[in-house]
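Working notes for the structure below.
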Amino acid sequence: VDRFLHSYSLVAQDLPAEQLQRLQELFSSAVEEHTRLLAQVQGATLVPPELESRLGSLISRFQLYLREARAVCTQSWARFHPLRMLGGCTLIAASCLLCYVASELAAASDSFYRSCLLYPLLWGLMVAVLLGLACAFTQEGLDLLLVSSWAAAASQLGFFWHWWGQHPKRARLAGSQPPLASIGQRQRLQAWLGLAFPMSILLFRCGAMFSDSFVVAEARVAPFLLASLVMLLVGKLHWDGRLTVPEGPRQQLLGFSSYRREIWYLLCLVAMLLVCVRLSGFFHQCREEIPQCRPSLFLSPLASLRNTRAKNLFYLLCVALLAGLVYAVRSWLRHYGNLNSSDPLVLFVRWGFPLVVLCIACYWAVASSADDSLGKLQELVQVAVVAFPWAVYGLASMGLLLLLCNPMTVFAKDTRESAGSIVTPYLGVPSSEVDFLHVIPQIYKRMQESQKSRLERGSCKATIAAYGLGSVYSAALVIALTLLGFLLMLLHSERLSLAFLLLFLEAFVLLHIHTHARGLAGDAEPFSVPWYAVISWLLAASQFFYSTGHQPIFPAIHWNAAFVGFHLDHSTNLLPAVLVGANTFASHILFAVGCPLLLLWPFVCEMPGSQKRKPRKEHREELQEVEEHMMEMRLRESPGKFSTALLHLGLKYLFVLGTQLLACVCAAMILRRHLMVWKVFAPKFLFESLGFMVSSICLLLGISLVMRVDCAVSTWFRHLQLR
């Protein structure tokens with residue numbers, strides 16, 4: 001120990017010199033006493049009677065030296081504040097409880113949210129101001145962390161105080177209702193069972209944080225829990241009898257049940273999800289705790305490939321995937337009528353998206369062949385390596401600005417009968433057969449439009465057709481996610497675009513599984529997102545953190561992302577930190593921004609068969625009573641419920657995020673003396689905390705985008721009424 005402290009003090013200066021001097025004196029005096037005792041014993045024929053007491057005193061001096069040496073090292077190397085740790089865990093636990101309580105509240109009034117959310121926030125600000133003034137008057141140093149903690153605690157106490165004050169009122173109102181004990185107990189039991197299986201998956205996820213082996217193997221734990229959750233969802237639907245049609249006399253006689261046709265589509269979606277989960281395992285980074293692991297070949301850039309043919313094949317595959325993503329997004333927007341208008345945002349989707357793909361493809365081509373370029377072209381290549389990423393940054397920023405300024409992708413058309421000619425002029429070569437083929441369909445179409453126009457005027461229906469209005473919220477989110485996906489793919493190596501394609505595909509499959517599971521379950525509350533959907537969404541985000549080549553350790557950080565679009569060095573640390581952070585938490589960003597799709601997607605996927613058919617009447621009355629597919633415009637029927645649903649969804653997302661963070665913080669606090677604390681638990685705590693911050697900010701941005709679209713829709717309706 002003495003030799004180590006002497007060698008360490010020559011290299012590092014964090015141990016106090018006076019304490020090292022005192023330890024050296026204590027050790028030297030003990031060694032001298034030990035030497036004297038050895039000399040006295042060796043030179044004497046008889047052992048002195050006081051030798052035992054002197055040996056006990058010497059042992060005590062050596063133990064004192066070891067205790068003080070440990071105290072000096074602990075004071076410098078492992079300074080823990082257990083009281084503050086406990087206070088931090090308490091604050092996070094109270095925040096999680098607050099999110100859960102607020103998310104489980106039914107449609108509450110505005111006054112309730114004002115008293116339970118706004119007033120507690122004012123309480124916290126008041127406590128922060130008072131503590132700041134107290135520190136200023138007493139001339140003590142302002143501990144910003146302590147002041148913020150007390151302000152958070154005051155706001156949480158205010159929330160629970162107001163909530164508990166209104167809890168007895170709700171209980172009395174519930175007690176005054178007619179007694180339906182059996183039905184109420186059955187519904188509560190089904191609700192608890194529906195909550196138990198996703199929460200059990202979340203509990204397993206949090207419990208794995210306390211094991212260094214599970215943290216090291218988390219790249220396989222998160223996909224397994226996601227697949228388990230989806231399979232449990234299918235099992236629960238089968239257990240509840242939602243997958244079979246009601247039994248008739250014949251089925252009861254034969255003793256078997258027939259399954260619904262929708263079950264096969266759901267099983268296909270589950271199979272696609274399992275395939276995506278399996279394929280995502282090909283993009284994992286290795287940790288040094290697993291020596292037999294080999295990192296994925298897809299993590300290295302194309303420039304590292306020496307085989308020219310393999311390099312060209314991978315390059316063409318990556319560019320084809322980018323083009324396929326643009327084609328899929330534009331096809332989806334065109335299918336729902338969001339590409340019919342001539343607004344700047346729609347024009348950008350038509351022409352800007354292919355231009356972004358072209359710039360990314362050119363950057364990949366230049367970056368992958370930069371080492372093989374000729375000397376005369378070296379300067380041009382260096383300029384292109386910087387110019388193409390900046391072109392992508394500029395185009396993506398322009399698209400996001402257009403999305404914020406005017407997020408409407410709706411085309412309004414006046415369907416009233418015009419006084420124009422019935423047939424548009426034919427400009428082809430005149431011939432009788434072609435003329436008839438041109439004229440007859442237009443006459444028939446015009447007759448249909450005239451008949452429909454007269455019927456609509458008779459029934460006093462609107463004469464404005466709005467294309468894309470039923471998916472206006474989702475279209476804005478899809479456009480934003482596509483632009484963010486382009487930026488994040490640019491910051492990764494070329495072949496990781498395959499992982500991003502899997503990410504978008506798996507998110508699409510999860511949304512459809514959620515939609516069809518709700519349809520099969522017959523959920524009567526369309527404005528509520530179930531817990532299993534939120535937990536599966538976050539498990540997918542954790543899964544693709546590892547499937548984009550990351551690990552919660554510092555050697556696995558992709559530092560080269562800081563120099564995408566930059567040459568040599570930066571003038572500030574802020575911009576490279578943003579680029580590296582966006583590269584590291586790419587999956588957190590995409591899934592947090594796309595979280596409102598969990599609420600919107602069931603409305604977008606509104607099927608014709610989901611509407612109840614009316615009794616058969618006369619032709620004109622039947623036309624008047626056909627229920628139109630309003631899709632996302634059903635959210636506009638009750639704006640209060642829409643806002644409450646967004647708030648509940650955000651709180652549920654924050655609850656699951658906060659629960660994972662709480663487990664990670666508790667693991668780091670309890671295992672702070674563990675052998676692997678600095679190797680496993682502390683880095684995991686840091687990455688989980690940063691991921692929580694990034695996800696919370698991006699969740700707020702995603703919900704803000706939906707609210708911005710809602711304001712634009714309100715303005716559009718006001719302008720429409722003025723026509």
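Glycine residues also receive a Cβ, built from the backbone N, Cα and C atoms like all the rest.
Annotation comment: TrEMBL describes 85-105 (among others) as transmembrane segment.
For 117-137 (among others), the entry in TrEMBL reads transmembrane segment.
For the transmembrane segment (144-164), the list of distant contacts is 87-88, 91, 94-95, 98, 101-102, 115-117, 119-121, 123-128, 131-132, 135: same-chain residues at least six beyond its ends, Cβ to Cβ under 8 Å. Among the features that TrEMBL reports, transmembrane segment is placed at 144-164 (among others).
With a threshold of 8 Å between CB atoms, the same-chain residues lying at least 6 positions outside the transmembrane segment (263-284) that come near it are 219-220, 223, 226-227, 230-231, 234, 243, 295-296, 298-299, 496, 498-499, 502, 505-506, 509-510, 512-513, 516-517, 520, 543-544, 546-549. The transmembrane segment annotation in TrEMBL covers 263-284 (among others).
If you look up TrEMBL, you'll see 313-333 (among others) marked as transmembrane segment.
Counting only same-chain residues 6+ beyond the ends of the transmembrane segment (380-403), those with a CB under 8 A from a CB of the stretch are 344-345, 348-349, 352, 355-356, 359-360, 362-363, 366-367, 369-370, 373, 476, 479-480, 483-484, 486-487, 490, 564-567, 705. Marked as transmembrane segment by TrEMBL: 380-403 (among others).
Below 8 angstroms of C-beta separation, residues 322, 325-326, 329, 332-333, 336-341, 345, 349, 353, 356-357, 360, 363, 389, 392-393, 396, 399-400, 403, 407-415, 496-497, 500, 504, 564, 582-583, 586, 589-590, 593-594, 596-597, 600-601, 603-604, 606, 629-633, 635, 702, 705-706, 708-710, 713, 720, 723 of the same chain, each at least six residues beyond the ends of the transmembrane segment (464-490), sit close to that stretch. Residues annotated as transmembrane segment in TrEMBL: 464-490 (among others).
Per TrEMBL, the feature transmembrane segment maps to 496-515 (among others).
Marked as transmembrane segment by TrEMBL: 527-546 (among others).
Per-residue pLDDT, averaged across the domain 'GPI ethanolamine phosphate transferase 2 C-terminal' (534-689), gives 83. According to TrEMBL, the domain 'GPI ethanolamine phosphate transferase 2 C-terminal' annotation covers 534-689.
Residues annotated as transmembrane segment in TrEMBL: 585-604 (among others).
Per TrEMBL, the feature transmembrane segment maps to 651-671 (among others).
The feature transmembrane segment is assigned by TrEMBL to 691-717 (among others).
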Distant-in-sequence neighbours of the transmembrane segment (117-137), which means Cβ under 8 A and at least six residues beyond its ends:
102, 143, 146-148, 150-152, 154-159, 161-162
Intrachain neighbours beyond the transmembrane segment (496-515), with Cβ under 8 angstroms and 6 or more residues off its ends:
230, 233, 266, 269-270, 272-273, 276-277, 279-280, 283, 298-299, 317-318, 321-322, 324-325, 481, 485, 488-489, 530, 533, 536-537, 540, 544, 547-549, 586-587, 590-591, 594, 597-598, 601-602, 605
How about long-range neighbours of the transmembrane segment (651-671): same chain, 6 or more residues beyond its ends, C-beta under 8 Å?
82, 85-86, 88-89, 92-93, 95-96, 99-100, 102-103, 202, 205-207, 209-210, 529, 531, 534-535, 537-538, 592, 595, 677, 681-682, 684-685, 688-689, 692, 695-696, 699
Excluding the flanking five residues on each side, which residues at least 6 beyond the ends of the transmembrane segment (691-717) place their CB within less than 8 Å of a CB in that stretch?
403-404, 406-408, 410, 469, 472-473, 476-477, 480, 541, 545, 581, 585, 588-589, 591-596, 600, 636, 639, 642, 646, 649-650, 653-654, 657-658, 660-661
